[in-house]
Amino acid sequence: MAELDADLDHIIPSSLLPPVWAKLVVGFVSLLCFARSYDGDFVFDDSEAIVNNKDLRAETPLADLWLHDFWGSRLSSNTSHKSYRPLAVLTFRLNYYLSGGFYPVGFHVVNICLHGGISVLMVDVFSVLFGGLQFTSKGRRVHLAPRASLLAALLFAVHPVHTECVAGVVGRADLLCALFFLLSFLGYCRAFRESSKEGTHSSTFWVLLSIFLGAVAMLCKEQGITVLGLNAVFDILVIGKFNVLEIVHKVLHKDKSLGSISVLRNGALLFRMALLISGGAAVLYVRWKIMGTGPPAFTEVDNPASFADSVWVRAINYNYYYSLNAWLLLCPWWLCFDWSMGCIPLIKSFGDWRVIALAALWLCLIGLIHQALCSEDSHRRRILTLGLGFLIIPFLPASNLFFRVGFVVAERVLYLPSVGYCVLLTCGFGALSRQTKKKKLIAAVVLGILVTNVLRCVTRSSEWRSEDQLFGSALSVCPLNAKYADLNRHVDALNAWRNATVLKPEHSLAWNNMIILLDSTGNLAQAEAVGREALELIPNDHSLMFSLANVLGKAQKYKESEALFLKAIKANPNAASYHGNLAVLYHRWGHLSLAKKHYEISLQLDPGASGTKENYSLLRRKLGQMQKKDV
């Protein structure tokens, strides 16, 4: 779009316009933003997805990666989150092999480099979005929109909302998904260049390759499949030049020329749509079959709005969540790694002042949609439509519209939607520059935003280097979250108990308290390490064996956990909880007859144990169903 690029003339220096220089600048800035996280620890979800994930270890067959979820659980299990991302796990396994163990530096460096590569790739993506796909007779694109594409790529590269994906190792799934998502989009665009040079067969190859890359993106993270929908929107609106407003006008006026719409008579476009739909359906079907059972089960603390009885309460809160996501893109100063556990109270009436955020969101969206449909400038319509497409389509899997998700707000899911935000923001700067004579002021504002975001990225990356810093940073943003509320007390308690074990190494109660606290806060790797340290000092303490066995069971180290439970029971055979928890281990492990045996022993020792009764009842029901199937 030559007009937009001209509007940005005073903002982007001409010396940066050659593609090689533009990409070097974007790559350097993107690495600068997040380099601070290279020597960080494994934090938050990294413990479960990496440190405690047996799929990373050499003794686990590679074939198991295709049968397990992101966290190492079998997809067929009722407790699985159904997050099927085998390619992301495969890269973790390669990191583990090349690093010679769980050394976080190598994992972090790969994430930082991936973000740098994606940011560089964004220069080409934005060039297509802003410049379109008009080619010369030699197959070269006519409009590259160098200023607009460079500015948008810089805005993307330095956006602080990306910190979770880059500084948190599990964000690798989002980064890989984005990489193959963008490659799929660019591959689809290549089809139109080839169709003008070499004919239909070459064009079909690129469409099929785009579908394949979309499937690869989905094997990195679920939202990758949405690229096929984006490709379809791009094809219909940009290539097919489908004018929604014109069609609506004809429908309302019962225009007889409605049947002669060029898009409906375009055989090549309809063929590409058929390929996208059939390819997408096939990929989704295979994905559903691999899942083995229905969607995952989440708890109310994960996503309270989805459990609300009233449809209106659910709708209001979902829209409030959308407005929070929009605010994180607009003002990424208010960042938090976990928005669950009561962090965002439910809106239960229209009298809640937060309803204003919903109104503001929809006013902005309606205004943008109106401009995208009704603008007299066809280039403006195209860019705004594609910006909205990139903003909305990749976000749909996280919207709660099709299925319940296990979070309230998650910054990581904004990695791809931020592409659309950068398109819209660049358009806004172009419009401002066109409307005012104070070009230098606009340039100063843009430079200020870029510098501020770089500094915010550096600061936020530092906060992700350890769990103490990460939890501490969240307290000011989300004081209502039960995990932040307890952090300071937990740290004080851990320090006190650690001091007690230094003064008295055989202090069994202090060791046990540390293991239980770390276990209850989800720090399984640390809990396991403390448990092993304690048993080296006090090898015959059955309570320590029991506590460590519980941790190992949660980490799915079933064999080792079983051995410790049996050893603890041998030392203290009348402890009902020992038998009850061993039964739970067998239940999870699939050894149902052994689970039944130890549930019954536990209930003989403690008939009033409600949790054991409930688990025993579930087991008997499952055994009954299995017997009916056998009959």
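Including glycine, each Cβ sits where the backbone N, Cα and C put it.
Small disclaimer: the values here were computed from a predicted structure and weren't measured.
TrEMBL lists 20-38 (among others) with the feature transmembrane segment. Non-local neighbours of the transmembrane segment (20-38) in the same chain are 105, 108-109, 111-113, 115-117, 119-120, 122-123, 146, 149-150, 153-154, 157-158, 162-163, 166-167, 453-454, 457-458, 461-462, 464-465; each lies 6+ residues outside the stretch with a CB under 8 Å from one of its CB atoms.
Here TrEMBL flags 109-132 (among others) as transmembrane segment. Using a Cβ-Cβ cut-off under 8 Å and counting only residues 6 or more beyond its ends in the same chain, the transmembrane segment (109-132) has close neighbours at 1, 4-5, 19, 22-23, 26-27, 29-31, 34-35, 37-38, 91, 95, 141-146, 148-150, 152-153, 156-157, 162, 165-167, 169, 171-172, 175-176, 178-179, 182-183, 185-186, 189, 238, 379, 382-383, 386-387, 390, 419, 422-423, 426.
Marked as transmembrane segment by TrEMBL: 144-161 (among others).
Marked as transmembrane segment by TrEMBL: 173-191 (among others). Cβ atoms under 8 Å from those of the transmembrane segment (173-191) belong to residues 70, 85, 87-88, 91, 111, 114-115, 117-118, 121-122, 124-125, 128, 133, 165-166, 202-207, 209-211, 213-214, 216-218, 220-221, 223-224, 226-228, 230-231, 234-235, 272, 394, 412-413, 415-416 of the same chain, restricted to positions at least 6 beyond its ends.
Residues or ranges marked as transmembrane segment in TrEMBL: 203-219 (among others).
Among the features that TrEMBL reports, transmembrane segment is placed at 225-248 (among others).
Here TrEMBL flags 269-288 (among others) as transmembrane segment. Panel annotation: around the transmembrane segment (269-288), residues 84, 191, 204, 207-208, 211, 214-215, 218, 225, 228-229, 231-232, 235-236, 239-240, 263 of the same chain, lying at least six beyond its termini, place a Cβ under 8 Å from a Cβ of the stretch.
The domain 'DUF1736' annotation in TrEMBL covers 294-366. Within the model, the domain 'DUF1736' (294-366) shows a mean pLDDT value of 85, rounded to a whole number.
For 355-374 (among others), the entry in TrEMBL reads transmembrane segment. Counting residues 6+ beyond its ends, the transmembrane segment (355-374) has Cβ neighbours under 8 Å at 244-245, 316, 319-320, 322-324, 326-327, 347, 380-381, 384-385, 387-388, 424 in the same chain.
Here TrEMBL flags 386-407 (among others) as transmembrane segment.
Outside the transmembrane segment (413-432), and at least 6 residues removed from its termini, the chain residues within Cβ reach (under 8 Å) are 4, 7-8, 11, 122, 125-126, 129-130, 148, 151-153, 155-156, 159, 161-162, 165, 171, 174-175, 177-178, 181, 223, 325, 328-329, 368, 380, 383-384, 386-392, 394-395, 397-398, 442, 446. Sequence annotations record features per position, and here TrEMBL assigns transmembrane segment to 413-432 (among others).
Residue counts for the domain 'DUF1736' (294-366) under DSSP, split into helix (H, G, I), strand (E, B) and coil, are 36 helix, 0 strand, 37 coil.
Counting same-chain residues at least six beyond the ends of the transmembrane segment (203-219), those with a Cβ under 8 angstroms from any Cβ of the stretch are 84-87, 176-181, 183-185, 187-188, 190-192, 194-195, 225, 227-228, 231, 268, 271-272, 275-276, 279-280, 283, 287.
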